[in-house]
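Only one structure is covered here, and it is reproduced in the block below.
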Amino acid sequence: MRKFAYCKVVLATSLIWVLLDMFLLLYFSECNKCDEKKERGLPAGDVLEPVQKPHEGPGEMGKPVVIPKEDQEKMKEMFKINQFNLMASEMIALNRSLPDVRLEGCKTKVYPDNLPTTSVVIVFHNEAWSTLLRTVHSVINRSPRHMLEEIVLVDDASERDFLKRPLESYVKKLKVPVHVIRMEQRSGLIRARLKGAAVSKGQVITFLDAHCECTVGWLEPLLARIKHDRKTVVCPIIDVISDDTFEYMAGSDMTYGGFNWKLNFRWYPVPQREMDRRKGDRTLPVRTPTMAGGLFSIDRDYFQEIGTYDAGMDIWGGENLEISFRIWQCGGTLEIVTCSHVGHVFRKATPYTFPGGTGQIINKNNRRLAEVWMDEFKNFFYIISPGVTKVDYGDISSRLGLRHKLQCRPFSWYLENIYPDSQIPRHYFSLGEIRNVETNQCLDNMARKENEKVGIFNCHGMGGNQVFSYTANKEIRTDDLCLDVSKLNGPVTMLKCHHLKGNQLWEYDPVKLTLQHVNSNQCLDKATDEDSQVPSIRDCSGSRSQQWLLRNVTLPEIF
């Protein structure tokens, strides 16, 4: 009997422990689920503290997100909403971990504590919840608190409900002041940024796009350069966040900003002269002729002094070159700080529509910057893009007055001292179409790329792909590509201009109208029956098919 009672006690005790274990297991399991939901960015509860070690989960440490096959169709539909993989973005934590992609020399740099404060201004229009809030969290989690004055979110007339009251409720719970400012009507990036800058309080204004992720140590190097010289405007290295997988890929510290003949921003290799100026130290900032425009920091007072943005420009486009020219020509400095890295989702297409169409807006903006800042070189641009001259570009008197007040240098100074490797040839004999006398067709780059054959097509008189420059170096040039022949009878290809003559040296005879390739001693000829879309090169015969009319343009003296 005693033994039976003892067994009952043991059994009851064991049962209690089993029940207690089950309770604890269920409790912590549910807690983990709560944490997981919170990390994935559901707008409830407080935000997580800065990530100290890599999490486990989709996209952690910047790794790509792979969507299962059964969800591919849904993924494609969701992609159309923002022109990036929204499904992948929503699977990633709002405070995901990222690799430290800085150069080793950057990781040991020490910055003073008394750097200026910054307001981070982020403009958004119908942005995805996950990308917008991931931008905000990355700023908060990876910025020294005493340097981050506030974050200003400027809503450019978004239509999505979750960007209204739910957004305001969410950001109120963050540990840094986050203000949501609303534009009354769709105004575009330029005017929305001006609104954000006007309400900001920091000593420095940092502009970011709404689909960025800041990495460790991103802010201090930017603020340190501005503290060193308040007239220095600084950009981080822009890393790539894949629009397909949200993989985080480090950008290169060996590229800087330039522009092509059509005034489109382009990345080009950092020239040797800039490497020499830095004595080979890649951790030092790169002086860049232009900036991409989406991500940069500027002293708030200096921003006002040099004229903020041109408020006469519409929506987006051209404002980055305009402010770049203005900074350099009016006594400032523009740098890429190689120890600062910020990721950006690069999309292949824009999900937005613009009143009047994108082309019309960009033409107007480019016309304004050309008229105010490019002096006689604006004529070069107008030959490339004659449609620009037909747009109404508004009143520029206040911008011309600003240039006079600031005693800014001419554009020729900018090309000679800041951007001597510009694609714009400063010395040339001819600019325009190159027309074959027999066929009445024109050379055409066909929007082809480096190492592809130059084309020939019916002359259309609209500039663009049919504009070639016969330069003072006797190159036949289209933007940064030159006509090149490496063997007898061709083909005639387009290669990067190397300025070493050789295979890119052409002699034009204004009497015979021939374009003779000096190395091969052959002449440019019309297309052959075998390939009707490319010119040929043959032994010089004096035939009409080897005669070419070059458009000689009378421009103001710029030689």
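Every residue gets a Cβ built from N, Cα and C, even glycine.
Keep in mind that what you see is a predicted model, and the values were worked out from it rather than measured.
For 431-551, the entry in Swiss-Prot reads domain 'Ricin B-type lectin'.
According to Swiss-Prot, the feature region 'Disordered' maps to 45-65.
Per Swiss-Prot, the feature region 'Catalytic subdomain A' maps to 115-225.
Under DSSP, the residues of the region 'Catalytic subdomain B' (285-347) split into helix, strand and coil as follows: 17 helix, 21 strand, 25 coil. The region 'Catalytic subdomain B' annotation in Swiss-Prot covers 285-347.
Cβ neighbours within 10 Å of N141 (site 'Not glycosylated'), excluding its own Cβ and spanning all shown chains: 19. Taken residue by residue with DSSP, N141 (site 'Not glycosylated') is part of a helix. As annotated by Swiss-Prot, site 'Not glycosylated' applies to N141.
Taken from Swiss-Prot, the feature topological domain 'Cytoplasmic' covers 1-8, and the record attributes it to sequence analysis.
Looking at the topological domain 'Lumenal' (29-559) alone, the prediction's average pLDDT is 91. Per Swiss-Prot, topological domain 'Lumenal' is recorded for 29-559, and the stated evidence type is sequence analysis.
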**OP:** Could you give me the DSSP helix, strand and coil counts for the region 'Catalytic subdomain A' (115-225)?
**Re:** 46 helix, 28 strand, 37 coil
**OP:** Pull the DSSP breakdown for the domain 'Ricin B-type lectin' (431-551) and write it out as helix, strand, coil residue counts.
**Re:** 9 helix, 51 strand, 61 coil
